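Lifted from Swiss-Prot, the feature list:
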- 18, 167, 199, 297: 1D-myo-inositol 1,3,4-trisphosphate binding site (BINDING)
- 106, 157, 188-199, 214, 232, 236: ATP binding site (BINDING)
- 281, 295: Mg(2+) 1 binding site (BINDING)
- 295, 297: Mg(2+) 2 binding site (BINDING)
- 117-341: domain 'ATP-grasp' (DOMAIN)
């Protein structure tokens, strides 16, 4: 790898907070030792003058959201970034902007999860029913909720899946609680999961599963409980100690996540969106043992992932050698967006024709302590050694395009 990477140039744009949190300078130093030049990009200046660039790593989520609010400076930055991408299709972007936009919208990402679950037809996976509320709750809201397969209690989240406010959530137990809901938002069925959340941190074909505390169990059906408002970031911190996470007793089944299921979900999302750096929040239904994806995050914090920098550099090497499946989809993604009349720019779904594992064998489970709320469960490589059915692409594109055209 070292010989191949020598002389390559990797540009990155991250907020100063993200750089400090990740200690990204350590990654830059690791790259330099491998002969890779790392360039911190200044988007206020022409990117052309800062090139050439073989790969660009970014987290432009804040800038994209501000641009969507018509902030003139952010609009200019996003436009400059997009113009460089258009002028340099040979540059690998981690990750493509259309995919980031999908992950920034919980309604769209949940719909994608639903379509993937429908395609996979794996009984070990369930997609929690959800719906988007775009206006204040009225007399017909309860009917709509029932029509969409939701039942009390359910969890209410902001539609935007990024930023401080995105962690502010509520558990609604009855019709009275609907009065406090502030649209636009997304409501999602609450699934009892014995107060355990599994955060899956994905880097290309590698992933790490970290165990975190989560919400305790609640009785199914309508109750007279008052709505519970909470910050999910605080609840699921490694060191979190909250009455909301204090489990009276383990109910139903208590299972660890199935490695095969995690691998298949991660692979499906990579293929559907063409993304490399993302996080998946998974809970295990304590009645059925099914895995439920309750959130997806673009370029998460990777807390507890000790090998993040090594995985990232390995992935960069793989994409530059054309061995990472998601990267081969970028040009096809653009074509699909054009073919669907532009509306698919935020709903792109494309599949690989196959992928090659270059990372080696899967490593074993590592459980440091059953009482530790932040336990690293595993560090795995996604070994994809079989072709993916072309119908996967057709299924996702057709269903999402149909939904998009109906809105």
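Backbone N, Cα and C define each Cβ position, glycine as well.
Residue 198 (ATP binding site) sits 6 Å from residue 281 (Mg(2+) 1 binding site), counting Cα to Cα. Within 10 Å of the Cβ of residue 189 (ATP binding site) there are 22 other Cβ atoms, across all protein chains. Secondary structure at residue 232 (ATP binding site), as computed by DSSP, is helix. Among the residues 18, 167, 199, 297 said to bind 1D-myo-inositol 1,3,4-trisphosphate, no two Cα atoms are farther apart than 19 Å. One residue stands out among the binding-site residues 18, 106, 199 for having the most other Cβ atoms within 10 Å of its Cβ: 199.
Across the domain 'ATP-grasp' (117-341), the prediction's mean pLDDT works out to 87. Of the recorded residues, residue 232 (ATP binding site) and residue 167 (1D-myo-inositol 1,3,4-trisphosphate binding site) place their C-alpha atoms 5 Å from one another. Calculated from their C-alpha atoms, the gap between residue 199 (1D-myo-inositol 1,3,4-trisphosphate binding site) and residue 192 (ATP binding site) amounts to 17 Å. Across the fold, the C-alpha of residue 297 (1D-myo-inositol 1,3,4-trisphosphate binding site) and the C-alpha of residue 192 (ATP binding site) stand 22 Å from each other.
In this structure the alpha carbons, written CA, of residue 167 (1D-myo-inositol 1,3,4-trisphosphate binding site) and residue 295 (Mg(2+) 1 binding site) are 11 Å apart.
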